[in-house]
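Engineer: First the structure, then my questions, so here it is.
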Amino acid sequence: MPTDGTIPLLQVKNLKRQFNVRQLGSRENGVLRAVDDVSLHLEAGESLGIVGESGCGKSTLARLIVGLLEPTDGRILIEGGDIWASGAAGRERRRKFQMVFQNPAGSMNPRRTVGASVSEPLQAKGIRKTAEAVERMLTLVGLDPQMADRKPHQLSGGQQQRASIARALIADPAIVVHDESIASLDISLQAQILNLLLDLQKELGTSYIFISHDLAAVQAISHRVIVMYLGEVVEASDSTVFASRPLHPYSQALRNATLLPDPIHERARGDTLLRGDVPSPINPPVGCRFHTRCPLATDQCRKQKPSLRDTGDGHLVACHFAGSSSQTQVVSEGVA
Amino acid sequence: MMLRVIGIRLLGMATVLLAVSALVFAFGALIPGDLTSVIVGQEGATEEQFEEVRRKLGLDKPLVVQYFFWLTNALQGDFGTSPITGRTVAADLLQQIPVSLELALLTLLVSTLIGLPAGIVAAVHANKRLDILIRTSLLVTFSVPIFVIGILLLLVGSRWAPDLFRVSFTPWAEDPMMHIRSMAMPLLTIAFPITAMTMQMTRGAMLEVLHSHYVVTARAVGVREKRIEYLHALRNALPPIVTFIGFQLGILLGGLIVVEQIFSLPGLGRGMLEAINTRDYPMVSATTLVFATAFVIINALVDMLYPLLDPRQRGR
Amino acid sequence: MNNRPVLRVENLTTRFHTGQGAVTAVDGVSFEVAPGETLGLVGESGSGKSVTAMSVLGLVPKPGRIVRGAIELNGSDMLTLRNEELRRRRGKECGMVFQNPMTALNPSFSVGWQMREAITAHDKRSDVDTRIHRALADVGMPDPQRQAASFPHQMSGGMRQRVVIAMGMINDPQLLIADEPTTALDVTIQAQVLSLMKTLTREHGTALLLITHNMGVVANMCDRVAVMYAGEIVEEAPVDELFASSRHPYTRGLLRSIPNPDRPRQKTPTLPGSPPNMAQLPTGCRFRPRCVFADSRCDAHPDLLAVADRHKARCWKTQNGELLTETKSLTETTDAN
C-alpha cells in the first residue's frame, strides 16, 4: 500500500470465489475454493505479475478482477469505487478493464473483420466513428493498418495477438488483464509481444495484470510479482527483490524448475524437485496448503496455517520459516 | 451408490411420465367437443340427454378431479371403453402393442446389424471406394420418404414376388411362417432409412475417434490395425452410437404410423390413426401415453448404459 | 559396443498434398542418433520437427506422404518394409511419447489394459502382469497394482505422462522418440518428468530423440542438437557448442529471445518477423527475411555444411568462416510480422 494516503488504482480486498462441485450419485458435493481470500493492489502505470501452476486459481482471479465473474465474497475497488456497485456506477467501473486471452483466434469473431473486432470496445461506449482510432491502434501494436479489412484467420498467430492487444487498448482502459496471453505463441514471437507490452505501457501508461505459468515471462513484464498456490497468495514482492531472493519454498521450487538455456548451469543443477502433484483444490490440505510437497514441512505446518506476513520492504510471504537462515540454505542449492 | 443413482433415475422417469399424462389429458379436454357428442351424436339429442351422459362419464366434475380419476384408472390398466368399437381400450392396446413392438425391435435389430458394421467399414475406408459405395447406396434410400419406399416395394412386390405381397397380417400363433412373410415387407420399408442413419452416425463417431491421439498411441506401440479399429476405437465410439440408436426408436414410433397404414398391420400406429379419425378420445389418449412411456423407458435405458460404456461416467 | 547408429535418417522429405497444393513439411532432413545418445530436434511450430518424428515410425497423418529419403532403424530401412513388419518394429525397437498426456491414453480402458496391449502386440509371454507392475514402478508410480487397474481420467496429467513413458519403454526399445513430452505439464511436474526420462534412458541405454521448442529442456537433456527451420535442419552441433557459439542466425536469435527470470523488466532481444508460410516459402535462404546478417549471397539456397568439428550450419556467412557479430541490433521489436 502506498504510504502517502492516496488511493491505489486497483484494490482487491479479501476476494473469494467458490464453485459448487457436484457428482451424480456421490455424497461428495464439494466446494472448490478457486480463489480464497486474495488481497492485492495495483498502482497506475504499474504491472503486476501473477504466477502459479494449474489449479492455483489465477485464471479465476483474472475473471473476477475484470468483472466477468462475481465474487462469492470480498471487494474489488477501482479508484476507490466498487466494481459491483449497483447500476450505472458499477457498469462504468467494470468498463475500465480489458482482457487479453490465451487464444487470440478464439477471442475474435471469425466472420467479422479485424478492424470491426478491434473497434468493439469503442462501439460499446457509443462511439460511431472508429476508423481513425483503429488505424492508429493497429500501427501502435506494429500491424499494417490495412489489416483492418482482413478476417482473423488471414492473420498469423502473432498478428492475431497483436490485434487483440489493440482491441484491449483502444478504449483507453485503466487496466488490461493478460491471462496467459503469450502462452500459445512461438518462442520468437513471445519475446516480441513482451517487448511490445513494455513499449505500449511506456507510451500509454496503462496498468497491466499479467497472469502466466511462466515465471520468466512474468518477470519480464512485472514491477511486482504474486505467487499463488491452491487459491491463495503465498508470496508477493517487488520483482527485482523476488528475482534475487524468492522466500517461499514454493516460489523457490518454481524458480528452480524454470529451465535456463545454459547447458553448463543445467548439468550442475541439484535435484531439488518437488514431490508429487498439486493436491485437489476441493479438499486442500489443512494447515499450510503446501506442506504435502514442501521439503521443509514440520508438524507446525501440518497444523497451523501460516499468515501472509511482511518480512520487510513490503515483501509478503506465507510461510512459518521463510527468511530464516536454515530455510534459505536447504532450498536454494539448485539456484546457481 | 448404484441403487441411489437408479432411484434418482426412476423418480425422474415418473415425473416425466406424470407431466406427459397431464399434457395428454389436457389436450383431450381442450379439443373442442368431447366424448359426449361422440356418444350421443350431434343431432337430435336433447340437453337432458347430454347432461345425463356427461354425469355418467364424470365430465361434469372439475378438470383436476377428472384427471385424477383418469390417472388412477390408467395406472390400473383401465383406459376406459371406446365409444366407437365398444371394446375396452386396454384390450385393443394389448392386441396392438405386440405387433408394433415386434416391428420396432426387428427394425432396430436389422438396422443395427447392417448399419453398425457398414458404418465402421465406411469410416475405416473413409473417402475410398468402399466408403463411397456404402454411403451412396444407403443414403439414397434415406433421402426417399418412407411412404414412397413402401409403395415402391408394394408395386415391385406385386410384380416380382406376389406371394410375399399377398400375405396379409397373420399372428405368429396362427402360422409362424406366414407371420414372418407378412412382416418382411413392412420391415424392409422402415429398416432402409433407419439403417442409413445408423451407418452415417457410426461412420461419423468412428471417424472422430480414429483421429484421436490415443489411436496414434496404440499404433505407435505396435497394436494391430484391425484391433485398433474394432476394439480400441469402436469402444469409444459406442456411447454416441448407442444414444443415437435409442433416439431412433423415437423416430421409429412415428414411422410406424405410416408403415402400418400402408401394409394394414393392426399395430399401435394404425390404431392411433383410426382413433384420431373417429375422434375416439380414450383410445387417442391411451395410445399417446403408451408412446410416451416407451420413449421415456428407452431414454432411461440408454442413460443407464452410459456408465457401462464410458468409465468417466462412473465417478471415482 | 556396436557403433552403428540406432537411427539414421537420410534426405527425408515428407509432403502434404492439400487442396491448395503441396506443402513440403520436411525437406531433405538427415541426421543420426547413436546408441544411448540424446539428440534434441528443436524448432518452432511448423518447422517440421514433429512430422520428422512421425515419419520415423511411418505414422505421418493423411494427407502426408514420405516422398523421398531413407530411414534406417537398427539397420533396416523402414520405408521399404511391409505394413506388418513396420508394425512389429513400432513399440518394440522404437517407443514414442506424445505431447498431451490428457489425450494420449484411451479413456475407455484401464491403464494396465493399455500397457498389456503394448506388450502382447509383440510377444505373448506369461509374465505380462509382472512386467506392467515393474514398468509402472520404474516410472515412480506408487502402488503399481492399484494404478494398473485405474482409468486415465482418475490420474493427474503428470501421472498420465508417466504412464505414457512407461508404455513407450515397456518393450525396452533401443530408441525412444519424445515429442514435446513436457509442454502440456506444469513446470514443477515438467522437472520431475524430465528427470525421470533422463534416469530411465540412462539405465536402459536407450537412445532418445527429443523434440521440443524449449531451449531450457534442450540444455537440460540433450547431448547433441539439430535445429529445424521451415522444414530444414539449419544447424547441428553438440549441445555446449551450440549454446556457446551458434553458427546460424536463427539459432542465435532463438537463444537470445528467451527472457531471463533473474533480470525483471528488461527488454529481451527478439527475432523480427514470424516463421514463413510453408505454402509460400521465400526463395534462396529460407531465413533470409528475418535475418539481420543477410546479404546478396543469401539469394541462393545454402546447404548444410560443416563449419567446425561435428558442427554443421546452413548459412553462407559462417560457412565462409565469418562470425555472427551483430552490426545491427537484434532488438527490432515492434515491427509487423
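Placed from the backbone N, Cα and C atoms, the Cβ positions cover glycine too.
Quick caveat, the model's predicted, so the values are computed rather than measured.
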Engineer: Between B:138-158, B:201-221, which stretch does TrEMBL give the note transmembrane segment?
Structural biologist: B:138-158
Engineer: Pick from B:11-33, B:241-263: which stretch is listed in TrEMBL under transmembrane segment?
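Structural biologist: It is B:241-263 that TrEMBL describes as transmembrane segment.
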Engineer: Most CB pairs under 8 Å with the transmembrane segment (B:241-263): which of B:103-126, B:138-158, B:178-197?
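Structural biologist: When the Cβ pairs under 8 Å are tallied, B:178-197 comes out ahead.
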Engineer: Taking residues 6+ outside the transmembrane segment (B:178-197), which of them lie with a CB under 8 Å of any CB in it?
Structural biologist: 102-103, 106-108, 110-111, 114-115, 118, 138-139, 141-142, 144, 146, 149-150, 153-154, 157, 163-165, 167-172, 244, 248, 251-252, 255-256, 259-260, 262-263, 265
Engineer: Let me spell it out: take the transmembrane segment (B:138-158), skip the flanking residues so only those 6+ beyond its ends count, and list any with a Cβ under 8 Å from a Cβ in it.
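Structural biologist: Residues 115, 118, 164-165, 185-186, 188-190, 192-193, 195-197, 199-200, 255, 258-259, 262-263.
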Engineer: Sequence-remote contacts (6 or more beyond its ends) of the transmembrane segment (B:103-126), Cβ cut-off under 8 Å?
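Structural biologist: For the transmembrane segment (B:103-126), the far contacts come to 134-135, 138, 183, 186-187, 190-191, 194-207, 210, 229-230, 234, 241, 245, 248-249, 252-253, 256, 259-260, 265, 267.
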